[in-house]
Protein chains: 2
Amino acid sequence: MPHGKVLVAQGGGPTAVINQSMAGVVLEARKFRNVELVYGAYHGVSGIVNEDFLDLTQETSHNIEMVASTPSSALGSTRDKPDLRYCQEIFKVLKAHDIGYFFYIGGNDSSDTVRIVSEEARRAGYPLRCIHIPKTIDNDLVGNDHTPGFPSAARFVAQAFMGANLDNASLPGVYLAVVMGRHAGFLTAASALGKKFPDDGPHLIYIPERTFNVEKFIADVKATYDRHGRCVIAASEGIHDEKGTPIITQLSSQVERDAHGNVQLSGTGALADLLCDKIKSQLGIKRVRGDTFGYLQRSFMGCVSDVDQREAREVGEKAVQFAMWGNRDGSVAIKRTGFYSVDYHLLPLEAVAGKTRVMEDEFISADGTDITDAFRLYLRPLLGSGMPDAYRLRLNKVDKILNPSK
Amino acid sequence: MPHGKVLVAQGGGPTAVINQSMAGVVLEARKFRNVELVYGAYHGVSGIVNEDFLDLTQETSHNIEMVASTPSSALGSTRDKPDLRYCQEIFKVLKAHDIGYFFYIGGNDSSDTVRIVSEEARRAGYPLRCIHIPKTIDNDLVGNDHTPGFPSAARFVAQAFMGANLDNASLPGVYLAVVMGRHAGFLTAASALGKKFPDDGPHLIYIPERTFNVEKFIADVKATYDRHGRCVIAASEGIHDEKGTPIITQLSSQVERDAHGNVQLSGTGALADLLCDKIKSQLGIKRVRGDTFGYLQRSFMGCVSDVDQREAREVGEKAVQFAMWGNRDGSVAIKRTGFYSVDYHLLPLEAVAGKTRVMEDEFISADGTDITDAFRLYLRPLLGSGMPDAYRLRLNKVDKILNPSK
C-alpha cells in the first residue's frame, strides 16, 4: 500500500449524486490506517494545479452525509481538459503535497486525465494510486452498464415528459422539448419511461444515434398530429444531419465553442425555437410550444433516484477499496448482475478514457423515433422507488341533446 | 336548493393540483340528495357549447382520487375566452341538459365567464347556481391570500433555483432563467425561497411589477459578478420597459398573439437568449447560460406542495357547500387566518372577475431586484412539507507549498 494523503476531485458537469461518490471516498478512506489526511481539490484539476485544497479530515461525518444528498459538485468543478503539460503540473503538486492516492470523479475526459497522471507517476517512479470514479448524466462511458448521475437525470426527464404529456392532452397542440446529450441519446430516450396509456407522449423521439432529416421530421409530426390531434416530441440537443453537422448550427453561424472545440448546445433555447418555427411554418399548426430542459435536468433539487444515490456512494467506496487492496490503477465500473442487482469492477484506464458509448441498436426502434421494450427493461430499475404515476378519467360520454348527430 | 345536474369544468392553464378541485366538487356533490348526476365538460367552455360532457357519476371514487393527485386538467382545458354571445350558447346548453349547478375551475378569465353566465341565467329566470373555483399558478386573483396551483409551481421554481445555484457555484459564470408570470411576479419571486447561505443565488430577481431597464440590468449583473465571481438571475417572462412594452418584443417583430391579444411569452427560449446575449456582448463574460422553465413549472410530475393539494381539494368541496347552502353565486376565495391556517369565503363574482392582482409593495425590496422577509414569511408555509435542503462543505483550506504567496 502506498503511503500518503488521499486526494479526491470532481470534474465536468455536476449531477444529482456526484457528492455521494465524494462522500464514499472520504468516509471509506478514513478507515485505513495508512491514510492520515483526506484532501479535496477545489474546482477539479484547476484546483490541483493552483494548490487549492480543502482538508476534508476537518469536516464532520454528519455534514459529509448532508452534502452527499445535495446535488451538484460540492468541491466545485472545472471544464479544463488537461493536456500532457497540464498533467505534469498536476503530478508536481501531488508530489509536493505527498499525495499517495488520487481519486477523480468524472466522465470520459476526466478518466483520460487520470490515465495521463497515472502514466506520469509510473514514469517518475512515484508511488501514486490513481482511480477514476464514473459520473455522467449522458450515460456515455464505455464498459459500464450505466453511470452514476444518469438514473437521476433520466428520472427528471421521464417525470418532465409525464407532466408535459398531460399538459399537452389538456391543451392540445405540438409540444417539443430539447434534452441534453451531445453524442448519446440515453437521456432523451428516458422521456418515454413515463408513458402509460396507449396514446401517451412523447410520440416522437429524436436521438443523435440516428441522422436527423428535417423533411422526415415534419412528416412524422404531421402523421402524429393527424392521428392524435396533438404531438409531444423529445429531441436531443445533439441531433445532426447526415454529415454530422449539428442541427443547431443551421440556425446561426455564431455558435459558441468550448475548450474542446465543441459547439455550445445547452444554455440556449435556440434549437427548440428553430424546430418549432419549422413546424409552425410548414404545417400551419397554431399551438406549437418548445421548451429546453437545460440545467434543470442535471441540477434540479428534489428529483433523485434512490438506486442512483446508493450506487454513486458505492463506486466511491469501491474506488478506495480497489486502491488500497489492489495493485493497479483503473476506472471503477458498474456491472449489472441480475434484475436488479449490480457489482463493481476495476477496468484499465485506457479501456474507458476518452471513449464514448452511444445507445445500442437493440434499444432503438426500427423507425428510429421510439425506444424498444429492451430499453424500458434496462432503464426502469435505475429510476428507483416512488416514481409518480398518472391517472386519467374514463370517457363515459353523455348523449348530446341539441346536436345529437355531431 | 335548485334541482338538477351538477356540471364541473376546468379552464386556462393546467396546474399540479387542479384535479384536486375537480375531485372535491365531484365527491362532495354526490353527498347531496338533490343531485342526480355529475357531469364534467370536456375541454372547458368549448366542451359545453359542443355538448361534450362526461358522466362523472359513472367514475369510481378510487379513480377520482388517483386522478386528483395527477397534475394537469383531467377534464381537458381551453383557451377560449367567451364573449356574451358565447356565454348565451353556454347557457342554452346548460338549460337543455337540466344543469342546476355550474362550477368552473379557472383564473380571472374563467371567473368572468362564470359572471356572464350567472347574469344570463338570472335574466332568463332560470334557476342556476354558478360558482367560480380559483386556480392559477400566477397567483394573480384578487381577494385571495393565494390561489391553488401557485404553491406547487412556486415550489418547483424554488427547487429549480436551489439546484441552479449549486450548479452555478460548481461551474461559475452567469445563469439566467425565465419564469412564467405575465403581470404578476409571485412565481419569479418564489425563486428566492431556497436561498440558505449568504451568497446563494438568485442574486437578482426581475419582476413585471418594476420597470426593466437594460442598462440597469447589465450594471446589476456586473456588480454581482464582481462580488461573487458568479451570478444567478431570475427573470419574469413579463418584464417590460417603462412604456409597458414586453422586453421580448425588442427581439422580434414577429411575435405570436393569443385570442386575448396577448403576446406569446411561454414556449420559446427567446427572452433568455436575448438577455444572455446582452450580458455576453456588454460584459464579456464567457460562461453565460440561459434556461426557460417553460411548461415544466406548471406540469412537472412529482413536485407538488401538500398544502396546495389540501387547499385545492377544499376549495372544490367548499364550492359545492356554498352552492347548496348559500343563496348566491360567487367565487371561492382563500383567506389566511393564522400561521399557518386558512378559511374559505365566497366573494361576489364581480369582485374577482377580470381583475389582476400583482405583488404587493411590501413583498419587493427597495432596489426592486430582491424580495423582502415579508414575502418569505408569506410564501414559506404554502410550499408544504418535505422541502429539500442544500448543504455545503466547510472551506478548511490547506496551506500551499509550491506557491505559498498565491
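Yeah, the Cβs are placed from backbone N, Cα and C, and that goes for glycine too.
What TrEMBL records for B:5-322 is domain 'Phosphofructokinase'.
Packing around B:G13 (diphosphate binding site) is summarised by its Cβ count: 25 other Cβ atoms lie within 10 angstroms of its Cβ, all protein chains included. In the three-state DSSP scheme, B:G13 (diphosphate binding site) is classed as coil. Among the features that TrEMBL reports, diphosphate binding site is placed at B:G13.
Sequence annotations record features per position, and here TrEMBL assigns Mg(2+) binding site to B:N108. Long-range Cβ neighbours of B:N108 (Mg(2+) binding site) (same chain, at least 6 residues apart, Cβ-Cβ under 8 Å): B:T136, B:D140, B:L141, B:V142, B:V352, B:A353, B:G354, B:K355, B:T356.
TrEMBL lists B:D109 with the feature site 'Important for catalytic activity and substrate specificity'. A helical conformation is recorded for B:D109 (site 'Important for catalytic activity and substrate specificity') in the three-state DSSP classification.
Among the features that TrEMBL reports, site 'Important for catalytic activity' is placed at B:K135. Long-range Cβ contacts of B:K135 (site 'Important for catalytic activity') within its own chain (separation 6+, distance under 8 Å): B:Q10, B:G12, B:T15, B:I18, B:S21, B:I105, B:G106, B:G107, B:S110, B:T147, B:P148, B:G149, B:A312.
Annotated substrate binding site per TrEMBL: B:T136, B:I137, B:D138, B:M180, B:G181, B:R182, B:E237, B:Y295, B:L296, B:Q297, B:R298, in sequence order. On its own chain, B:G181 (substrate binding site) has B:D138, B:D140, B:L187, B:T188, B:I207, B:P208, B:S236, B:E237, B:G238 as residues at least 6 apart in sequence with a Cβ closer than 8 Å to its own Cβ. Mapped onto three states, the DSSP output places B:G181 (substrate binding site) in coil.
The active site, proton acceptor feature in TrEMBL is assigned to B:D138. Its own atom aside, the Cβ of B:D138 (substrate binding site) has 26 Cβ atoms within 10 angstroms in the protein chains shown.
Just so you know, the Cβ of B:T136 (substrate binding site) picks up 28 other Cβ atoms within 10 Å once every protein chain is counted. In sequence order, B:L296, B:R298 are the recorded positions among B:K135, B:T136, B:G181, B:E237, B:L296, B:R298 whose C-beta falls under 8 Å from a C-beta of chain A. Comparing the Cα of B:G13 (diphosphate binding site) with the Cα of every entry in B:D109, B:L296, B:R298, these being the recorded positions, the smallest distance points to B:R298. With respect to their backbone Cα atoms, B:L296 (substrate binding site) and B:D109 (site 'Important for catalytic activity and substrate specificity') stand 23 Å from each other.
Listed in sequence order, B:G13, B:P14, B:T15, B:A16, B:P71, B:I137, B:G149, B:A153, B:M180 are the same-chain residues at least 6 apart in sequence whose CB falls under 8 Å from the CB of B:R298 (substrate binding site). Largest CA to CA distance in the substrate binding set (B:T136, B:I137, B:D138, B:M180, B:G181, B:R182, B:E237, B:Y295, B:L296, B:Q297, B:R298): 16 Å, whole number.
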